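What TrEMBL says about this protein:
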REGION    1-28  region 'Disordered'
REGION    50-73  region 'Disordered'
TRANSMEM  163-186  transmembrane segment
TRANSMEM  207-229  transmembrane segment
TRANSMEM  294-314  transmembrane segment
TRANSMEM  384-408  transmembrane segment
TRANSMEM  423-443  transmembrane segment
TRANSMEM  455-482  transmembrane segment
DOMAIN    493-598  domain 'TMC'
TRANSMEM  502-527  transmembrane segment
TRANSMEM  600-625  transmembrane segment
TRANSMEM  675-692  transmembrane segment
Amino acid sequence: MAQPLTFVLSVPETPEDHGPEPSPYDESEVHDSFYQLIQEQSQWVAEEGLELQQREPGPPETPGSGHQTLLGPEDPLVHSTATLRILASMPSRTIEKRFLLVKELQGLPVAQRDHVLRGMPLGLAEKRSLREESRTLTRKRRGRRGRRGLLPCCGRLRDACVLALHSLGLGLLSGLHALMPWRYALKRIGGQFGSSVLSYFLFLKTLLAFNALLLLPLLAFLVGVQAAFPPPASPGAVPAFTGLELLTGAGRFTHTVMYYGYYSNTTLNQPCVPPLDGGQCSREADGLPYNMPLAYLFTVGVAFFITCITLVYSMSHSFGESYRVGSTAGVHAVTVFCSWDHKVTQKRASRVQHDNIRTHLKELLAEWQLRQVPRSLCGRLRQVAVLGLVWLLCLGTALGCTVAVYAFSELMIKSPVSTEQEGALLALPTVVCVLNLGAPYLYRCLAALERHDSPVLEVYVAICRNLILKMVILGILCYHWLGRRVGVLKEQCWENFVGQELYRLMVLDFIFVLLDTLFGELVWRLISEKKLKREKPEFDIAGNVLELIYGQTLTWLGVLFSPLLPAIQIIKLLCLFYIKKTSLMANCQAPRRPWLASHMSTVFVSLLCFPSFLGAAVFLCYAVWQVRPSSTCGPFRTLDTMYEAGKVWVRRLEQAGPSVSWVPWIHRYLVENTFPVYLVSALLLAVIYLNIQVVKGQRRVMYLLKEQISNEGEDKIFLINKLHSVYERKERRAGRTQEAEQLAGDLDTW
C-alpha cells in the first residue's frame with residue numbers, strides 16, 4: 001500500500017495577489033467572490049502550469065522562502081503559499097481568512113450577518129467572537145461617520161436604540177416559545193419514554209386546539225348573543241341547584257345557555273318601528289336585527305366546516321411529514337454526530353436532550369433489528385391461525401357489547417324515569433362506560449397470545465379493535481336518540497335530552513378514566529412491585545388514544561344540542577394531560593421494545609377525521625335535514641326541519657327587493673342543487689390525491705439527492721486514487737531516470 005506522500009503545488013505569484021481583497025455586501029456576492037477566486041486560480045493553473053514537487057524531509061523553511069508547513073495528525077504536510085491560497089479560496093475553507101471573513105460580515109446587514117454566522121460550522125465561542133469583531137468594525141466606521149457628520153451622541157443613541165429593539169425582539173421571541181403549552185413537559189416525556197408515548201400527548205394537544213377553534217364561533221355568535229338577550233322566563237318554577245346536575249346535566253342546567261332548548265326562535269333587536277302617535281322609538285328596540293334560528297344553524301355549520309378544513313389540512317400535513325421523517329436510511333450517523341444542540345447550556349435542558357437522543361437511538365436500532373429477523377413458514381402459519389382465532393373472539397366481544405347496549409336502551413324506553421329520579425338517568429351511560437372500559441382489557445389479554453414481532457403492528461391492531469367497539473356502540477346510541485327517543489318524547493324537548501345524554505357520557509367517561517388511572521396503573525404498579533416483584537407496567541397507547549377519539553366524537557355529536565360541550569371537552573383534556581403525565585412518570589416505564597412512531601400522528605388524525613368526524617357529520621346532517629324539531633323549545637320549534645330556517649330566510653330576502661336577489665340565486669343553485677356538493681367533494685378528493693402525489697415526488701427527489709451525495713463521495717475517492725496513481729507513475733519515472741543517470745555516470749567513470 002502506498003505511503004501518504006508530501007508534495008507542494010508550485011504556482012507563481014502574480015501582482016494581483018497583493019491587491020485589495022473583495023468585500024461583497026450580500027451573501028450571493030460572497031459566494032460569487034469565492035467562485036471568482038477559484039476561477040482565477042484555475043486559469044493560473046492552466047496558463048502557468050502546475051508542477052508536483054516532492055518535499056524531502058528536512059529542516060523547516062525560513063520565513064522568506066515562500067512556503068509554510070502545516071502539521072497534520074500523522075505526518076507533517078508542507079504546502080506552498082500558492083497551495084494555501086487555493087485551499088483558502090475554497091468556500092469550505094474561508095474561515096481560515098479571518099480578516100477577510102470579518103470584513104465581509106461587517107458589510108452585510110445585521111439579519112443576513114446573523115443568518116450567515118448561524119450556518120457556519122463553528123463553535124459558539126468562535127461565532128460570538130466573529131459577531132463582536134464585525135460589530136466593532138461597524139461601530140468604528142459609524143463613529144468616524146458620526147465625527148464627520150452627525151453628532152457622536154446621536155450615533156450612540158441610535159446604536160443603543162437598535163440594540164434595545166433587537167434585544168426586545170429576541171425577548172418576545174423567547175417569550176412566545178415559552179408560551180407554547182407543555183413545551184418542557186413534552187420534551188421530558190419524549191426523552192424518557194420515546195416517541196410512541198409522546199404521540200399520545202401530542203394528539204391530546206391537537207384535540208385541544210380543535211376544540212378551541214370549534215368553541216370560538218359558538219361563543220361569539222351564539223352563546224354570547226343569547227346570554228346578552230335572554231329569552232322570557234318559562235312559566236314554571238326554575239329548579240334550584242342541588243349538585244347532582246354536575247353528573248346528570250339536568251335540573252338547573254336545563255334553563256341555561258348550555259342546551260338547545262334555552263335558545264329563542266325570535267329575531268333579536270328588532271328594527272325600530274315608530275309608534276302611531278308619533279313618539280320616539282324605545283331604546284330597547286333600536287339596533288340591527290339578529291335572526292337567532294338562522295344564526296344557530298349557520299354558526300354550527302360554519303364551525304363544522306372550519307373544523308373539516310382544519311382536519312383535512314392537518315391530515316395532509318401529517319401525511320407529508322410522516323413520509324419525510326419515515327426514511328431511516330443513514331439516519332443513525334446523523335443522530336449520533338449531528339443531533340446535539342450546542343446552544344443548550346442549562347443542566348436540566350442538556351439532560352433532557354441527552355435522554356431524547358438516547359431514546360431515539362434505541363428506537364432506530366430496534367427498528368433496524370426488527371428488519372433483520374425473518375420468520376419461518378411454519379411460524380407464519382401458526383401466527384395466522386392465532387390471529388384469526390383472536391379476531392373472532394374480539395369481534396364476538398364487540399357484538400355482545402353492542403347487543404347489551406341496545407337491550408338496555410330499549411329497557412330505558414319502556415321504563416321512563418320521572419323528574420324526581422334524576423340519578424336513574426346515569427344508568428345507560430354507566431353501562432356504556434363499563435363496557436368501554438372492560439372490553440379493552442379483554443383485548444389486551446387476547447393480544448398476549450398473538451406475540452407480534454413488531455410493537456407498531458401490535459398497537460395498530462389494538463387501535464383497530466377498540467375503534468370497532470366504540471364506533472359500533474356509538475352507532476347504537478345514535479339510533480336510540482334519533483330513531484327511538486324522538487318518537488317517545490313528542491311533547492317534550494328531545495334535543496335537551498340528547499344533549500344531556502351526551503353530557504352524561506362525557507362526564508362519566510372522564511370519571512372512569514380517572515378510575516382506570518388509579519386502579520389500572522397505580523394499584524397495578526404497587527402490586528407488581530411489592531407482590532409480584534415485576535417491573536412497572538407500560539403505558540397503554542392504543543386504549544388511551546381511543547379514549548381521546550371517543551370523547552372528541554361525543555363532543556362533535558352533541559355540539560348541535562349543547563353548544564358548550566367543546567368547553568367541557570377542553571376542561572376534560574386539560575385535566576387529562578396533567579393526570580396522565582403524573583401517572584406516566586410515577587406508575588409506568590418506557591416500552592420494553594422501543595419503536596419509532598414516525599407515522600403515529602398520521603394514523604391518529606386519519607382516525608379522527610374519517611370514522612369520528614365523518615360519522616358525527618352524518619349524524620348531524622340527518623338531524624338537520626330529516627328529523628322534526630320539538631314544538632315546545634328551541635329556535636326551530638315552529639318549523640318542520642331545522643334546515644327550513646334557511647329557506648324561510650331566503651323567502652324573506654326574495655320579498656325584500658332586487659338588491660339582494662343574488663342570495664336566493666346562490667341558495668337555489670348552490671345549496672339546494674346536489675351538483676355543487678359532488679363537485680366540491682371531487683375537488684377535495686383531487687386536492688388530497690395531488691398532495692399525496694407531491695409527497696411521493698418529494699420522496700423521490702430526496703432519494704435522488706441522497707444518491708447524488710453518495711456519488712459525490714465516490715467521486716472524491718476516485719480523484720484521490722487518480723492523484724496517487726499519477727504521482728506514483730511520476731515517482732517511478734523519476735527513479736528510472738535517476739538510475740539511468742547513475743548508470744551513465746558509472747560508464748563514464750569506467
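Cβ coordinates come from backbone N, Cα and C, glycine included.
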Query = Is the number of Cβ-Cβ pairs under 8 Å between the transmembrane segment (384-408) and the transmembrane segment (207-229) three or more, considering only pairs separated by 6 or more positions?
reply = no
Inquiry  = Suppose I define contact as three or more CB-CB distances under 8 A, residues 6 or more apart in sequence; do the transmembrane segment (423-443) and the transmembrane segment (600-625) meet it?
reply    = no
Key: For the transmembrane segment (502-527), sequence-distant contacts whose Cβ falls under 8 Å of one of its Cβ atoms, 6 or more beyond its ends   = 246-249, 425-426, 429-430, 432-434, 436-437, 441, 477, 536-537, 547, 550-551, 554-555, 557-558, 561-562, 565, 568-569, 572, 575-576, 579-580, 583, 586-588
Key: Helix-strand-coil residue split for the domain 'TMC' (493-598), DSSP-based   = 78 helix, 2 strand, 26 coil
Key: Long-range Cβ neighbours of the transmembrane segment (600-625) (under 8 Å; 6 or more residues past either end)   = 195-196, 199, 202-203, 206-207, 297, 300, 304, 307-308, 311-312, 314-315, 318-319, 321-322, 460, 463, 467, 471, 474-475, 478, 482, 545, 549, 552-553, 556-557, 559-560, 641-643
